[in-house]
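**Student:** I have a structure here, written as structure tokens, and I will follow up with some questions on it.
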């Protein structure tokens, strides 16, 4: 695998991040969530982990996190430069070629993703990856979370990235599968079921933070996008709190404050550089002492702290279900399409 003209993001840190990572109980799983073009920031976090010499024992990914994760599993310790080149050269018309017909099941064809997967230097079978890997999808008929940890790799990645209505569902082993982010945007519970004793979570960015308030009036697209954003936040917080009661759960930040338009690949280099710097600084200060949730807003080491956060997430979800939306940032109609997208 060659990195072409990919450029290593600048970093002026001390490079001591490996100390905190070395203290994690094995096996350690890297968990990579969804996010569409936001997947470029995941590459920046990958650079920071790579600088620490960190190689996980298993990788679990949803949607774009499955694409990035499979490449990392195929080329452990050296995937970031190649992924950076892919992301900085990607264009919407290549990844999401238009081809909509009313009778079709998606707006875009998946030939762009198929081409990308074919040129990623990946083996044909999941079992042939150098690091154990699981892609997460959802059964369209039952809503069940489906863990794809064996068999054909390309179909597993296509299934995990099949954004509902945007990319076509995938028939695999008698099931019709779509994007795993619908049911597990950050698949930490799947990693726990796979046997992980600690988790390193690649931060999913703006949707995992408290949205800043703004003033009305609301527009329809902004209301829909806001609701989707809050639902994602509730799902993510609930799952993080649940698993961190059992194992150390490190959420590596990426420093990105604003979500790009869902089809805009033009910000890839900025996302990579920002994430590499933010993640590097965080890892330099990381110290882990037992189960808990460790992230940029401070460690939650006690079971009571974690339980309190879980209760808070549940309460926010209850309020959301009653229609008590917080005031939040306006989002364009185009961006609202990407709230559930990867």
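Glycine residues also receive a Cβ, built from the backbone N, Cα and C atoms like all the rest.
Predicted automatically and left uncurated, TrEMBL annotations should be read as such.
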**Student:** From 56-60, 61-65, 66-70, which range did TrEMBL mark with motif 'GXSXG'?
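**Tutor:** From TrEMBL, the annotated motif 'GXSXG' range turns out to be 61-65.
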**Student:** For the feature motif 'GXGXXG' as recorded in TrEMBL, pick the matching range from 28-33, 34-39, 40-45, 46-51.
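**Tutor:** Result: 34-39 is the stretch TrEMBL calls motif 'GXGXXG'.
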**Student:** With helix taken as DSSP H, G or I, strand as E or B and everything else coil, how many residues of the motif 'GXGXXG' (34-39) land in each class?
**Tutor:** 4 helix, 0 strand, 2 coil
**Student:** With Cβ-Cβ distances below 8 Å as the criterion, list the same-chain residues six or more beyond the ends of the motif 'GXSXG' (61-65) that contact it, or say none.
**Tutor:** 31-36, 38-39, 42, 133-136, 160-161, 163, 179-181, 184-187, 202, 342
**Student:** What are the DSSP helix/strand/coil residue counts across the motif 'GXSXG' (61-65)?
**Tutor:** 2 helix, 2 strand, 1 coil
